[in-house]
Each structure stands twice: as C-alpha cells, then as structure tokens.
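I have placed the structure first, in the form of structure tokens, so that the comments after it can refer back to it.
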Amino acid sequence: MEGASRTKHASPLCAAHPLRHAPFNRAFAAIYALAILALLYRQTRVLLLQSSTLVSILISLALLVSDLILAFTWSEAQAVRLYPLARQEFPENLENVIKTSDFPALDVFICSADPYREPPLSVVNTALSVMAYDYPADKLSVFVSDDAGSALTLFAFLEAAKFASHWLPFCRINNVIERCPKAFFESNHSSSVETDKIKIMYESMKSRIEHVVETGNVYEEYMSSDEERSALSKLTAHGCTRQNHPTVIQVLLNNSRDKDIGGQFMPNLVYISREKSRTHSHHFKAGALNVLLRVSSVMTNAPIILTLDCDMHSNDPKTPLRALCYYSDPDILASCAFIQFPQRFKGINKCDIYAGEFKRLFQIQPMGFDGLMGSTHFGTCCFFSRRAFFGSPSHLVLPEIPELCPGHIVKRAIDTHETLALACQVAGCNYESKTDWGSKIGYRYGSLVEDYYTGYLLHCQGWRSMFCNPDRAAFLGDAPMSLVDMLNQHRRWAIGLLEAGFSKYSPLIHGVRYMGPLTGLAYSQYAFWPMLSIPLTVYAFLPQLALINDICILPKVYLNIHEKNFIQRNLLEFKIVLT
C-alpha cells in the first residue's frame, strides 16, 4: 500500500501489490540459466574440439554468437520479471483529500505532423475527447502542435472550437463515457432528439473538414469571420512550406472568456505551429514537444502535463483523477516524473493473431519496470510533472528566462499581445541555440525514440515513475494496419534504440551506474532489441543450408537441451499472457 496516500480518515487513494507469480519467475530464471550455460558449454566445446574444417568452424561460430546474443537478451528480460508490481487507484476518495477548486492545472499536448498521414478529423476527435474531461475547465488547457504548418489542420480546429460549445455540455448533461465524438457515434448509444441533433452537427463539421483536406484548399465560404481569415492567411502566404514557415500561435478558446451553449466556460484551446527553417534542425517530435513546453510555460504553466499522440483519444473522462491519486500526495509528487498509462488499440480482434496490440510491450513489461524504478515512457498517454523536465529531484536546472521556470506564476491572460509575442519568441527555430534544451532541460535529443530516451535519462537522474493500468482503457488508438506502416515503425524504433544503446549513455554502462544493475539491464533489453535480428537470421537459414549439405549442427537426441528450453520458455510466456 502506498502508505503516504491516505487521508486523516484513512481513505486510500492508491495501492500497490506484487504479482503472485513473481517467486515462480525467479525460480524459473535460476533453472533456465543452468540450461543456457549447458547449451553454451556444448557450443563452445563443438567449436574448439569438433570443428576441423573452415565450413564447420564458421557454422559453429555463427551458432555460438547467436546463442550468446539470445542468452544476453534473455538475461536482460529477467530483470523485469523479478519484482512485477500491480497498482490500483481509488479516484472516488479524492473528494476526501482535495477540493475540486484546488485541483492542479493540467496542460494537454497533442502532436500532429502531417494532415494526410494523420487526418485533421482524427486530431480533432482526440482534442475534443480530452476537452470533455471531468475536470474544471478553468484548470484545463489543450495545446495542439501542427508540425506541418498546415492551413487544413488549423481550419479543422477552427471548426472544432465551434462544435465544442455544443459537444461539451452534451457530454456533461448526459454523463457520456465515450467522449470522443467519433467513438460515441459509432457505439450503441441511446437515440434521442438531442443525440440526433448533435450527430447532425458532427457530420456537418466532418464533411467540411474532409472536403477541405480532399481538395487541399480552405474555401472562402467556410470562413465566417475576419479573425479566421487572418489566422489562415499566415499559413497560406507565399513561400510557406512544411519545412519553411513562421511561428503561428492561435488561441481558439479562452477559458476565461469563451462559454458553451450551457453558459459554462470551456477549456483553453491553442493551436501552435512552430517556426521551421531548412537551415535549423527541428529534432522531430522531441523538438515539437519542447516547443509546447515553452509556449505552455508562458501561457499557463500547469504543473501537470498530459502528452498524447494525435490518434490516441480519451476513453475515460475520469483519467486525470487517477493521475491525481498519485500527484495529490506531496511525497510522490516530489519524486515521480510521470505516470504512464498503457497504449491500447481499437479494431483488433480478440485473438490478435498478428500481435498488433503489443500487449507485452505496453501492458506486461511496464509492471515489471514498476517494481524497479518505474515504467518506461511510451511517448503518449503519459501524465508528467513539469518539474521533472528541469533537472533532478534534488537539483533544479534553471532555464534561460524566468517565464519558463516550472514554478513561475502566469499573471497575464493567454491571448494578450505580450504573452503571444513571448510565446512566438520561444517557439522560434533558433531559440534553443546555446541553451540546455534537449540536453538537460525538456525532452532529450540524441535518439529517434525520444520517449524511451527521455524516460530513461529521467530515471538516471533519480526520478521515479508509476504505471497505471485500469480495467477500462484510459486511451484508445489506432494500431498500424498495413505492412508498410508496421515496417516503418519498427525501423524507427530499431534505429533510435541502437542510437541510445551505443551512445555514451548506454544502459549497460551509464544506466547500471546510476540506476543499479537490474534497471540498467531492463532498459538495455529495449536498447539492444534490434540485435535479435542476428540470431533470427542465423537460425532461419543455417539449419536448412546445413541439412542440404549433409552437415549435422544439432545435438544427439539424448541431449535435448534445445527442446527443453523451447518448451519451458513458451510455457512461461503462455502463463504470463494469460495472467
């Protein structure tokens, strides 16, 4: 039990308990390690004593190297199986600890980079789903990063701001659980006059957005005010391209001014397209998130940040309350960098025969990390403490201007001229030059997998994290559905992980030194995962080639270590997945 997470009335906010199969995992690891040592002994003996020709030496060497890599990756995997931890939250007890008016402010970051690969309508659905959270509107701000600088995406959010004034009160009054409009209208919702009316409005917005994306132009007939024309003109000016455009920051909704049709204030909604130039590195998603960090610091500076991919919408309106079950405890807040929720996917059949859900990666292994220093960061579905981006728990790294400090109190409205001017300044493409951004502050640069790399370095600094996996999925997204998308995703992962693994911050050296051997090994499991391609390739082709050439490479039947290892390993995998 999280002892500190109780009130004076002993109402628990969260609990943690080790998984029951942990002792079995440890016993299995000891037995399996002996079998691996016996196998490596045999392979070494064959190489040194029984290989006499060049061909046999090469075959034995290839098998020994492959088995060494497999043994190494297996040993890394055991680190996350020794102390698996499961957590539970009790958001219904929050009212006994903290008043709603005292909730910390929450900034939501949504990243988009291509209006054709990431349709603006999907981004809009994600934004609307979090704007409709059961959270005080005056504490909630949604920042949308459009790295493409596309007028199509900005137009979509101009439409979304109008639709939000109807959608938010509809969700509030009818206690809607699925607050992503697309998911709600595709579900078996009850029909009523009010529901039919809001659906017609959604379909109208959807048709306008899709028509604009299909034609590639925002037509004059869709612009209802000079303010909209002025905003769109910044992205349609001559010379603006995806790789070369100025900073555009548009406050679409202001929570101190804009109300819905029920008379309630709506959350802040801010569109951001950072400045880009071909002469400056933009550092991909990590650079976009650091711009969001700086712009939000100037505008709202909420102590809690939720990062989301544009295709990962909210599936539970009470998710922020689950995060508050941890962050409302000052002791946890002082040492917890982030609270990670798993990525779950819709549209995958129950059997998931293609393993598109990545259940082991996103749901099983994080529980093993949670028993060490905490879950890894997945790049989305994560609640951060803003303070974690500015140094270690015991040492604050000050940014270059006071307005970016995590403790800075914003006194100006988000849409004043001074605020917008400073926000545009910190979103400039050359702002990070000769600063600590990307190295000591914010998301870290140096790897294509900025999520893994940043979470890993935060743990090296002494921060901890939590893994929160409620029964109802907090977020739902789209898994890669085509072979090309899957291969592109795996290629990016492989390159980024190897960049981290062979850098000066390698988990085997830097990680073991600052986090301990178990956590260092656990992180190296990801960093060196692409090296599995070596034994897979060897075992995919070598046995067949050896058989064709009448060369025996497998042991006699009485020495069935391979079979025993195979059966034991797969029985354990089957048990873990089922539990």
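From the backbone N, Cα and C atoms, a Cβ is placed for every residue, glycine too.
Annotation comment: TrEMBL describes 24-41 (among others) as transmembrane segment.
According to TrEMBL, the feature transmembrane segment maps to 53-74 (among others).
Residue environment of Glu118 (UDP-alpha-D-glucose binding site) contains 21 other Cβ atoms, counted within 10 Å of its Cβ in all protein chains. The annotation UDP-alpha-D-glucose binding site is assigned in TrEMBL to Glu118, Asp147.
Asp147 (UDP-alpha-D-glucose binding site) has a Cβ environment of 23 other Cβ atoms inside 10 Å. For Asp147 (among others), the entry in TrEMBL reads active site.
Under a cutoff of 8 A between CB atoms, and with a sequence separation of 6+ in the same chain, the neighbours of Lys285 (Mn(2+) binding site) are Cys111, Ala113, Asp147, Gly379, Glu450. Residues or ranges marked as Mn(2+) binding site in TrEMBL: Lys285, Asp309.
The C-beta environment of Asp451 (active site), restricted to residues of the same chain at least 6 apart in sequence and closer than 8 Å, consists of His377, Phe378, Gly379, Thr380. According to TrEMBL, the feature active site maps to Asp451 (among others).
DSSP assigns Asp147 (UDP-alpha-D-glucose binding site) to coil in the three-state reduction, placing it in neither a helix nor a strand. Annotated pair Asp309 (Mn(2+) binding site) and Glu118 (UDP-alpha-D-glucose binding site), C-alpha to C-alpha distance, rounded: 10 Å.
Asp451 (active site) carries a helical DSSP state (H, G or I). DSSP classifies Lys285 (Mn(2+) binding site) as helix under the three-state reduction.
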